[in-house]
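Presented below is the structure to which this report refers.
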Amino acid sequence: MKKSLLCSTLALAVASAAQAAPKTVDIMVLYTPAATQTANGRDIDARIASYIEFANTAYEKSGVNLRLRLVHKQRLDWADYPTVTGANLDRFMRDPQVQRLREQYGADLVSLVNRSQNSGNGYITCGIGYMGSGDKNSGRFHGNAKDIAYNLTGVDCGLNTFAHEAGHNMGLRHSYEQDLESSYYDPRYAHSGTYEWSRGYGVQGRFATVMAYPHAFGTNKQAPFFANPRLVNAECANQPCGREEHADAVRALNSMATQIADFRPTKVPGTVNPGSGGDTPTPPDLPWCTKAKLGGLLGDGEFASMEGWRAWSGNAQLSLVNVAKGCRDNALLVDVRGFDLLVRPIAPLRAGSGYRLSGKVMLKAANTRETVRMALLSERADGALAYNPAQSVELSVSGNEFSRLEKTFDYRPAADQRNLYVAVWSDSGASLLVDEMNLQEAQAAPPSVPPAPKRIAYDFESGIGGWSGVHASARATRVASAGRLALEAYQRRYAGTGASTSLLGNLEAGRTYAFSADVRVGDGRGSQAMTYAYLYLESQGRPGEYLPLGYKVVENGRWASLRGQVQLPKGPIKRAELMILSGNQQESMFIDNVQLLQK
């Protein structure tokens, strides 16, 4: 099911052509307490992992050049959005704590797992998501598409629901047949989605793809693919899984993948597998990645050092390796020469109390997969290790990405126990990479939502994620005022165009902010240009307004500093778009070192 919002006419940058390497779309998944009380949601971590795996498998087999990456999951217990309804989706999207979490983890898409809604006549509503839209066949999202990339998934429905609702956020509709029944072809209504062909497909009585409703085609068969007329598969009754210029969700997604992956700047570092290419020392000149502190009972579960960790039998060599791209994030490489366990002794726990054990694991050997286990192990008086399945977790793990293992349990000590360990191992004794190990009391307060940052800054050294063109295209450029990179707004169609980014979830209502940015127009051969910045703000109970942040006339080809100050009104913020613009549309505009400081 979809839900459309009226989008502004601000346009995002033209999507680049589909790349061979899939684009990474970061997703945050929250879940309600009630969802965990259902058969499908009792092991909510496994359910979320299955959602991601189903979607990514469908993308891969369909030919879609993007993959979902789970950057955060958390129980939502500060508000009640119990079922899949439009009202709950709207409230969820506008929840300030959800918005802050989205910014903290840089989630391009945000999902809430709750319960389905009885919609009458024997039907239930399994999911609902806002439709990411743009001008028809333009290849550009409207400016607020990134701000409405939220969806709800009923835990009591199938795994395909999650991929379906994320598809709406990415600009996909249901099917041609369902478009005929809705207002899509009614000229009184604006275009919905990205392209006319950005939709699912089905054949009467045979099958429907992920975005199409099977009952609209008189079938129960849902092929686990996105519509692609170039794909012929038995799941599609040995027929094409789409129709050229009619139903081609894969073509639409590949065209928009870069924009979707840039809905928000990346906050959780990407990871690599240095273990597969031999031991790789942590580069000393890289800055540490910015990550939330784990706390808990294991001390340094982020592995700034190896203190306390050892191989139980001495059959493995331990070393620290960097697993991040562009910053420093240690993981522990467990290079096993014979079967062994990675262990760390811990202080005695309270019998009968609840604890949560978690960590991330990847196999050293790329393109391999096997079962990895994480557990509390008790050492008995005779030196033997006792294993309790209730205090352990297992997961099929690959050598291509980190997988998170997590288990909540009530602690029960073994008889004649003399020592207690946290342990990690693979069933075959394969070498592992381990990170973010944590053991904490289950009754501990849930992860806190951080306050709005005092400083918001963009230096574009890691790219222009989260930024887009305003009636222009946007890209990273080496024409920078400082450092290596800046943002270039080019192919500007009008005067008063440039680039923008959403600040929703980063601003605190009622506060004053000082703004500054380095700006430049042209290459030195043109005339002077006016540069200026606005904060477009929509807050509860007030109409949308453009709050000026400053203006300056600049010499062509020269960098100048644009400065100003703004007082935000009180009340919940519904939309906040920072826009930096200029005249002389025939020239590129360059932007660098953007900053807002809370005063």
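Glycine is no exception: its Cβ is also placed from the backbone N, Cα and C atoms.
Since the structure is predicted, the reported quantities are computational estimates derived from the model, not experimental observations.
Taken from Swiss-Prot, the feature active site applies to Glu165. Around Glu165 (active site), taking its Cβ as the centre, 28 other Cβ atoms fall within 10 Å, counting all chains.
Around His164 (Zn(2+) binding site), the C-beta neighbours below 8 angstroms that are at least 6 residues distant in the chain are Gly127, Gly129, Val210, Met211. The Zn(2+) binding site annotation in Swiss-Prot covers His164, His168, His174, and the record cites a curator's inference as its basis.
Residues or ranges marked as domain 'CBM-cenC' in Swiss-Prot: 458-583.
Taken from Swiss-Prot, the feature region 'Disordered' applies to 265-285.
Residues or ranges marked as signal peptide in Swiss-Prot: 1-20.
Glu165 (active site) sits 10 Å from His174 (Zn(2+) binding site), taking the C-alpha atoms as the reference points. As a summary of secondary structure, the domain 'CBM-cenC' (458-583) carries 0 helix, 70 strand, 56 coil according to DSSP. All chains included, 26 other C-beta atoms sit within 10 angstroms of the C-beta of His174 (Zn(2+) binding site).
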